[in-house]
Structure formats: structure tokens, C-alpha cells
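In what follows, a single structure is set out as C-alpha cells and then discussed.
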């Protein structure tokens, strides 16, 4: 362990052109780490609070840096993150901002790894690390909060579950992305791209399912291994209190109809992953869907759990879902994220590590996914801020970090 001697904070751009927080952590023995905070578009009601970048930086300089510089060792992540909590003084990081907190937390972890001369995933891994690598979930067709005039379902995700290596999986997802482009072109369907690089055509959800199914089948035949797909439904964005149901272009589905609809799609397309299929406050509906299809697919809580151990425990008690999405900025520190993963693992839930729609070239989540033996990592298929993580996964597998 080595004492933190300086922390530098600045504004940088994220992938949407918005300001975010970058942190540098330096130690007395020459260790260095840099972390950048991502930002979400489809955010859960219970997420940690992100402040405007300038405000988050000013608050962190005033409250957090004096508790860290000359006081805490970079190699002790739990102490670093406890100091961030103490500096903030709230339960949602509304004091210094989750964006400043997570940037500092990630930078300190990297500085600690740098001092040890170890890859970040080894520094974070502890007893988690198994022999497998996460399968990347590639966002191929997008709508919802990520793209206007597109599908109601927010993400259609390629899942190369049969890939023999991370490298093959990454290139398979890129090929599915290109194949969907070609299918759209053949159908004279123009499509721009959403926040995460997914195609955003003006098609119905049913046509998007059909296109994805055709694309993954074609690419699976070309690559010679199984490729499935999954969904991020973003159910909280579809649910409307006044309508008392899930609002689609073709009408409103009741909770019972939404459960039946998603369960039917799992059966029809053999989906391997379904994220936030229902509203973020409806543990009972999540439990009902999990009882129906939980032995066939991962029913993953993102807005439902927000990387929060208390909300996860409530879900475990209710048998709601069978997996949790892990987003460090959603809870504010790496320690909080790892605590959620530990609880999930102990309770038989899988943990899926994820990017945000507003991303940076930071690669911390690639290391976190490897360190914690995650079955999947959500980090897009194309775009520099996405491929930064994917290429890092390839390097990790090749022992080149």
C-alpha cells in the first residue's frame, strides 16, 4: 500500500459531448491512476446523484480531497471509498456527486494496481477470479431513451455465447452489427445510430426481433459457433402511472400482459438475457416473470437494483430476477459495486457488468468484469468508447496488460 499524495480533477468530454469528471490519483511511491465517470440516459429512480461536472469537481476538492491526500493509502480500496462516503455525508452522493466519487474511486484502484505492478483485474479480483471470461453483449438495434423514432424496446443485444474466445466474441458482435446494417439496406430502411452505436431504424419491435434473429443466425453460420441475443427492455421508461401499464406504439399492456409478452419472446427467440422487463418498483412482477422463465434466461435488474445492496436484498427476498446489472457510477464507488456483486454471488444471482450510454475511453469495467467472474459484460459493439473496453478484454485474455 502507498499513501495518496495528490489528486487532480478536471472536466473532459464523454461520448455524447457532455462534460464529465476525470480524476488522477498519485502516490508517494510513484503510483498513478486515472478514472473517468460515465453517465446514463435511462437512469433509475434510485441511482446515486450525478452533479454538473464543475460543481462535482468543486465539491470534491473542498470535501473529499482533504480526507484522502496524505491520509489514505491507494492500495486499500475500502478505505478510499469510505473516505469518499464520509466526505459526501449523504446516502446518495448528492453532496460531492457520484461522478466525482466514482472517478476518484476508479483512479485510486488503478494507482493501487500500478504500485503493485499488477493488472487492475488482479488487484480487484481477490477470491472471485475464475477461469472464464465474460461474454460481451453487443448493442445492435436500439430505441427507447437512446434513440428517437425507433423501437420501444431500448436494446437488442447480440450474445455470442458459443465463442471460443473473447476475441472471437468481439468480432462476432461487430459482424452482427454490420449484418443488421446490410439487412436494413436491403429493405430500404434508413437508420442512424443511437447513443451506444446501435442502429436505430424506424421499425416495429416485431420487425426488430425478426431482423436480429436473421442477423445472428447468418453470423453464427459464418463464424461456426452459437450466437444468441437478449434485450434491455427499460421497463421503467415504458411504464406509465396514468395509463397503468406499459405504453407501446400499438397500445398499452397491463402488467400481466407485459409478463406474458416478454415470456413469449424468451420462448420464441430463446433469449439468453432480459434486462429490466418490468417497472423498477414492481418486485412482484419481476418474481412472476422469473418463476416462468428464470430457468431459461437471465432476468436482470438494472433500474430495479441500481447496484444497491439494500434493493438487491429486497429483490432476493422476493425472488425477483436472477441477476443484477453492475454499474459503478450508479452507486458511486468500486467498493459499493463489489459489495453488490458479493451479495449477488452468495445468493445465487449472476452479476453482469455494464457501461453507460454516455461513456468515456476508461476501461475499468472490463477489469471489473474479469475480476468478478461476470458471465456477461455490456459495453456495446462499435464506437471508440465501447471498443476501448472490448479491446482491453482481448488484451486481458492475451495477458497483455
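Backbone N, Cα and C define each Cβ position, glycine as well.
Here Swiss-Prot has 232, 302 binding Mg(2+), and the candidate from 257, 260, 268, 275 in that same listed site is 275. What Swiss-Prot records for the (2R)-2-phosphoglycerate site is 154, 356, 357, 378, and among 193, 327 the residue it adds there is 327. Within 10 Å (C-alpha to C-alpha) of residue 232 (Mg(2+) binding site) lie the following recorded positions from 154, 196, 357: 154. Among 154, 327, 356, 357, 378, the residues given in the record as binding (2R)-2-phosphoglycerate, the maximal Cα to Cα distance rounds to 17 Å.
For the recorded positions shown (196, 232), fewest C-beta neighbours within 10 angstroms: 232. Applying an 8 A CB threshold to same-chain residues 6+ apart, the list for residue 378 ((2R)-2-phosphoglycerate binding site) reads 136, 137, 139, 157, 232, 325, 352, 353, 354, 355. By neighbour count, meaning other C-beta atoms within 10 Å, the densest spot among the binding-site residues 154, 357 is 154.
The Cβ of residue 275 (Mg(2+) binding site) lies under 8 Å from the Cβ of 155, 230, 231, 232, 233, 234, 300, 301, 302, 325, 352, each of which sits 6+ residues away along the same chain.
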